[in-house]
């Protein structure tokens, strides 16, 4: 009965239809109850025979009740007891014994999720896909056309008529919108908003608008418009339509005039400073005559007042206690689309709900800070008698060790701490793309965070874990040397260079190979060679190249051994002279190292976190302000790095996994036709290797240089695998879990 009344809020009740929906006059016979219970017992017969009276009988009653909605519950219970007794017979002593409590041991996956949740302040990452989380009833949102069933929705005599018109326009389709302000670049928090708005529409067969909230001409620039759309499409979403709040300036102005006529708005002369704060004084002009406000508002439009001298305010009190929010203010600033036509511009509080109404939005999805505006959202639409959508709020997504405020990013740029909005140390979407993050990984991260009501603050390494999952399948392997050490193979088997086949993806060789030249002169990492001085013994854990300790060269099938160490006058190792032997002719070496031959010279930029503390904006954590918390080692440029020839044809933003180093991305700074010289002594290089290599500069970015850890759980045993980038060692620890530890 309650559901029927809720579905017909303003319609006169049809008694016959009402009674039919409530089951009045429906007769359920004992035979029908018997058949329904018999079907439920037959379905669970095997479990009943196995568990006997320990089986959950409520399941049988629930299924029978599902078949017979109007059946008497007591009659169903009596029939269940009778049929179970007939199947199992009387209870035995074993049936009367208490069922032992199951142990509370958690499965490995649950333990893993709990560990992740503890690491992220109690936030559990979702395992469902974004579409699964957003589809159908998952979020308990209203269905299109049933706005009035939402808690707090205000009904008027015109609500059902407007709803019918809305359904005629939309055809019952879900409609959402993503409404960014074009005054900055989107960041990781916007990625969640994009996924939520576009994803909810997509999951439910609807459409999503990209609407620019371009109501503040002071801060808007054309580059932000194009960058925002670029990022939306980069994440894989296509807007149903691209609109602007300025498209509706004429309609918004007409509605403002109507709002004054209805006595819901007035022109006020209080200054901005006077109405700021939680308890501003009421306006002395709140009750001025309607005709006077209409005349003054027309004067505002015609430029008869200075900026700040007059505003149009709405007569309402918001949830946070804010009194009479401003609807229009004066700004003598040309608009990027309308030019000098307007000198008054609407505010967000006025524009938001009315643009949603014009575009027939069904679900207006906003972050939690806009919850205080929900009542004003409903009030304004109803005050003007227009279709009223429903505003739903969700929690923001924040990351530690960063700032995303547009104002603070501008200060970082001005201070020279970062180059621009796309500096890879930032978490703007353009910066993440330049850093090499694939859009699929960002979407996956947003799905794992899930749609939450509470604000979510995550560690950056969780985003990086999503990136690694994608790049492990997408980024082909290559070899590169950051700190080159020249190695000459004195007994190289041929006069010409050999061609070595290197798998693009070692775990799946069906994805192809690339060829790498292998000749008498190669380059290895300086850290892969260690010279034991007299009376010194190498560390037990050191397994790479040293006098008396050979190593294998990856993918070649050869093992090299040191014969001579060439040093300069200062005692620095400049070159190694080695001999090579087929790997099947000698004892298997302790380690295999990467190398390059006939390499491409490139510049490598290694990035760390931009800030030292988790919350650089928190005065309690960083009293001197976020600019004082900059990490001096957040960028290290390696100018003379060498990469194998397979990356020569790479384009900007192409990604690679450099073996034993990490994931790298070709930077847009790279340019063709530039001669790049090696920073090493050129007289030791042949003309075929790195003396004036013609190609392009290849700056590449590593995502995170810190150690990579992966937890593998099997039962109650855990293996921790840690790769140390400094020593290039892999250490394995195996230990068991202790209860409550």
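Even glycines carry a Cβ here, placed using N, Cα and C.
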- TrEMBL tags one of 67-92, 93-118, 119-144 as region 'Disordered' - which one? 93-118
- Count the residues of the domain 'Glutamyl/glutaminyl-tRNA synthetase class Ib anti-codon binding' (475-580) that DSSP assigns to helix (H, G, I), to strand (E, B) and to coil, and report the three numbers in that order. 6 helix, 52 strand, 48 coil
- Message: Return the average pLDDT for the domain 'Glutaminyl-tRNA synthetase class Ib non-specific RNA-binding' (1-73) as a whole number.
- Response: 88
